[in-house]
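Peer 1: The structure's right below; bear with me while I get my questions together.
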Amino acid sequence: MNNTQRIIVLDTETTGMNSVGPPYLNHRIIEIGAIEIINRRFTGKKFHTYIKPNRLIESDASKIHGITDDFLSDKPSFKDIAKDFFNYIKNSELIIHNASFDVGFINQEFSMLTKKIQDISNFCNIIDTLKIARKLFPGKKNTLDALCMRYKIKNSHRVLHGAILDAFLLGKLYLLMTSGQESIIFNKNIQNERNFRYIKKSITKKHRFLKIIKANKTELKLHNEYLKFLKEK
């Protein structure tokens, strides 16, 4: 894969899953979180939305992600965000953990709206990190939590599943799994996805060759003015 290729790391949350047949059958997506990586670095550009599913969330699913029917009552439907979402992911390397699950749901959502998009794999290259993990660690548990523990990524803040937070964790894991690097630790300021903040990377000895770019006086002034504006909101 070319490092300049636009990578999108994606995760979804749903109303639940079908126990017999396709997991997506009779269920809907309620949250999409996606984060962009270029040149093996997070760009800070993301796509994040909650979605009103027009059906009730199963109690077991709500226990996993903490999203409720009341919370989604005023959120957009998938048709309202479909165009922006498609434009965000098209022509990208789409990184997903257990991709068949999320892709099945996404394909169902698009197929309900248009015949032009029946399978997103026709518009982007899908990479399943679960398959990568199983090749690297055959016979071991390869859930997101298990991989975070294995690669020493601190995720104690991850009390509930959430698409945007899980996408960031998965992005870190993907970079580690494809670089041979053993561990990375990042700032504890990650909040629940509903209060998402861009996460600062810890600088380790392995990164000391990177050039540190400091803000100039004008940039610092603008930054301080922005912080003042936020406090006044």
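Placement of Cβ uses the backbone N, Cα and C atoms for every residue, glycine included.
What Swiss-Prot records for this protein is below:
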BINDING   Asp11, Glu13, Asp60, His65, Asp166  substrate binding site
BINDING   Asp11, Glu13, Asp166  divalent metal cation 1 binding site
BINDING   Asp11  divalent metal cation 2 binding site
ACT_SITE  His161  active site, proton acceptor
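Give me the local environment of each listed feature.
Peer 2: Residues within less than 8 Å, Cβ to Cβ, of His65 (substrate binding site) and separated from it by at least 6 positions along the same chain comprise Glu13, Ile30, Glu31, Leu160, His161, Gly162.
According to its DSSP assignment, Asp166 (substrate binding site) is helical.
Following the DSSP three-state reduction, the secondary structure of Asp11 (substrate binding site) is strand. Within 10 Å of the C-beta of Asp11 (substrate binding site) there are 27 other C-beta atoms, taking all protein chains into account.
In the three-state DSSP scheme, His161 (active site, proton acceptor) falls into the coil class.
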Peer 1: Can you tell which of the binding-site residues (Glu13, Asp60, Asp166) has the fewest other C-beta atoms within 10 angstroms of its C-beta?
Peer 2: Asp60
